[in-house]
Each structure stands twice: as structure tokens, then as C-alpha cells.
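Features reported for this protein in TrEMBL:
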type	residues	note
BINDING	THR102, SER103, PHE131, PRO132, THR133, ASP134, ASP200, HIS203, TYR225, TRP255, THR281	pyridoxal 5'-phosphate binding site
MOD_RES	LYS226	N6-(pyridoxal phosphate)lysine
Amino acid sequence: MSETSRDALRERASKLDAADPLAPQRGLFALDDGVYLDGNSLGALPVHVPARVQDVLTRQWGELRIRSWDESGWWTAPERIGDRIAPLVGASAGQIVVGDSTSVNVFKAVVAATRLAGEGRDEILVDATTFPTDGYIAASAARLTGHRIVPVAPDGVPAALGPRTAAVLLNQVDFRTGRLHDLPGLTAAVHAAGAIAVWDLCHSAGALPVGLDEHGVDLAVGCTYKYLNGGPGSPAYLYVAERHQAAFDSPLPGWNSHADPFGMTPDYAPADGSVRGRVGTPDIVSMLTLEAALDVWDGVSVDAVRDKSLALTDFFLECVEAYVPAGRVTSLTPAAHAERGSQVALRCDDAERVMRRLIERGVVGDLRRPDVLRFGFTPLYVGFADAERAARVLAEVLDEVPAG
Ligand SMILES: Cc1ncc(COP(=O)(O)O)c(C=O)c1O
């Protein structure tokens, strides 16, 4: 790579950064002078969050104590924060409840989906390339409900659907390759077969427009610690489309989802609306940390985030192509925008060593064993100069690590 081409790419990066309408958002985050490309695993800390959490601990808990369930809005936090997430995933208010982990919400959603689908359907189709927890949980849900799991690649779903299909569990973006699946088309196909569509949005929420209501998704789950920056282990969420809420029959009907939780009656009567998706006492400190973190989305359009995400991943791929000697890495991430999430996955020999060296040099991505380097592009705080630097450092590291 000649110095002229390197200078040209750097100059382009600086022009793109100067024209980036989301560039000011970066100042809202606690970042150092490295390049953080792991926001698809753990989002960065928004700088205002610690003071808000401090208030939760010292005033709300320390001074108000039990009064905070009411006076600090603790009791209603799961639905209130659900309504903050709703516009980011294209849902109108009243359909998202925050709480529990994604895994637990997958369980609730898959079992509830089989109950919504009704009798006579005994198959659950599960994305064969899924993040493992979804597969494990779906398999257990199937055993409990007497269904059979059918593993199927997302693009094979239309052919695998049939009168026996009860529910289909899919990821909108593949955690390994960053491939974006066709949520509108697949949801329509699932509905045409009379089945229920459950989507895992972990790698899409906060990175691209999801359009849950627009595309008629039935149930969805997602985490909040990636592109939503809710913090380590922040609670997940469950979306139950309004049209299904009255019939949503949770397999974990804890007292928090009761119509009269303080009635303390022995019989269970489900609450109306998204409250029905709750289980037990919410994890208030994590939940309010997430609530504070969501402030960084004020005034941000998800369409603008998507535009920048595609421009960033395009530019990174272009820099990789320019800097990295041919054959050293292969992109697993689709070139077509319609099939790309917000991460780039590069297959590479000796990936573990390469990622270790990248991190030592301040370029933080992650590794999916055995041979995949993952680089997540979080449009709120990653810029074009970061993308150029990451590709350049990758080329330097590969130069030091002998080709396998
Ligand atoms: C697609 C997907 N589903 C589920 C999970 C895990 O969910 P949790 O640990 O919140 O149960 C992850 C974590 O990265 C994920 O990427």
C-alpha cells in the first residue's frame, strides 16, 4: 500500500467525520484514545450515567428506602423503560416490558408462542445458526411443551414451514457473521403458514430500524447491553404485540405479572398489557442504569444510525481491502446492504493471536472461535477515522503474524 493511498483514505475519513451528523454523540460516552469496536458485545458507558446511578443508590435507596417503589417510580420502571426502547425498534407504546435476561425472555416467548399457535402444531423451527442460548432454551421449551425442534437456516425457513409449525425463532442479525436476515419477508412467510414469529433483536436493536409493528412481528426479545449501552448484565426486554396480549400465557407467571400483585391471592390472574410479561421483582439498579443510558438516544433517528452504520462498515471493508494483503482475511459479512447488520466479521488464520495483538495496540474487537475476528460499529460513538485506523493496525499486525 502506497503512502499516497493511505493519505487519501485518511483524508476521506476526516471528511466523512466532519460531515457526520452523529459525530457529536461521541462526546456523550466515556472512551479513551483507542478504537472501541466491541459495542456489539458491551456498549460503552454514557458519561452522565454514574451520577444518575449514584442518586438511585444514595437518595432513592439510601434515603427514601421503601418509599421509592412508588415515589421514585421503581414499580412502573419495566414498562416505562420498555416505552423508551419501543421507538428504537419500531413499536408503539405499551408492548415492551424490560426485565430478566434475553435467555429467560426467549423461554417466555417460545412457550407462549406455542400456546398462541394452539393445538395440532408440534414443531418449533429454530435458526440453525442461532446464538447458542436461544437454541438451548428453545430445546428445553420444546421438551416441556411436547414440541419437536427443527433446526433450519433462516433462508430455509419458508421451505420448512407447514401446518405442523407452531413457532419460529429467528435472529434478525447473525451474531457471528453480522448477516441481516429478512425480518419482513420471513415474518410474512411464518404468518402465511399460520405460525407465530419470535425474533431475537440482540444484534439489531439500536443499530438499524427493526419495524416490529410495521412488519407484524408477534413476539420479540433483545438485550440492552450492546447497542443500547445499558451496562454489563443490564436487563433484557420482551415485546408482545398488542393483538396477542390478551392471550399471552406466560410460562413464568410470577407475582409481578399478576393483575393484583398485592392482593396476595393463591390463584393467578394475569395483568393486562405488557405487565403480563413480567416475572418477579425487577432488578432496579440495573434497570435504572439502563434508563439513564437511554438518554443518549434523545433526538437521534434510527435511520441516521443505519445510514452511518452502513457507511462505516463499507469504509472499513474498503480500508481492509486496501491495506491487508490479499488472502489474509475473508469477510463473512455480506457486501449487500440489505443483508448487513452493524458488524464486520473477518475469517483469519491465527485469529486469537491477531485479536490479542490488536487489543494491545488499542483496537478492541473480539473473537469468535476458532477463526473469526468481529468488529462492531456502533454509530453513536465510532467514527470513520476509527475505521481507517482499525484496518491499518490490522494490516500491521498481520504483517507481524506469519501467514498460516
Ligand atoms: C443473539 C443473542 N441472543 C441472546 C444472547 C444472550 O442473552 P442473555 O445473556 O441476556 O441471556 C446474546 C448475547 O450476546 C445474543 O447475542
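For all residues, glycine too, the Cβ spot is worked out from N, Cα and C.
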Cα-Cα distance linking the residue listed as 'N6-(pyridoxal phosphate)lysine' and ASP200 (pyridoxal 5'-phosphate binding site), given in Å to the nearest integer: 13
Quick one: among the binding-site residues THR102, THR133, THR281, which has the most Cβ atoms sitting within 10 Å of its own Cβ? THR102
Do you know offhand how many angstrom separate THR102 (pyridoxal 5'-phosphate binding site) and LYS226 (N6-(pyridoxal phosphate)lysine) by C-alpha? 12
Across every protein chain in view, the count of C-beta atoms other than its own within 10 A of the C-beta of LYS226 (N6-(pyridoxal phosphate)lysine) is 27
Measuring CB to CB from TYR225 (pyridoxal 5'-phosphate binding site), give everything in the same chain under 8 Å that is also at least six residues away in sequence. LEU42, GLY43, GLY231, PRO232, GLY233, SER234
What three-state secondary structure does DSSP assign to ASP200 (pyridoxal 5'-phosphate binding site)? strand
Quick one: pull the CA-CA distance for THR133 (pyridoxal 5'-phosphate binding site) versus LYS226 (N6-(pyridoxal phosphate)lysine), whole Å only. 16
Can you tell me whether DSSP puts THR133 (pyridoxal 5'-phosphate binding site) in helix, strand or coil? helix
For a Cβ distance below 6 Å to any atom of ligand 1, name the binding-site residues from THR133, ASP200, THR281 that qualify, or say none. THR133, ASP200
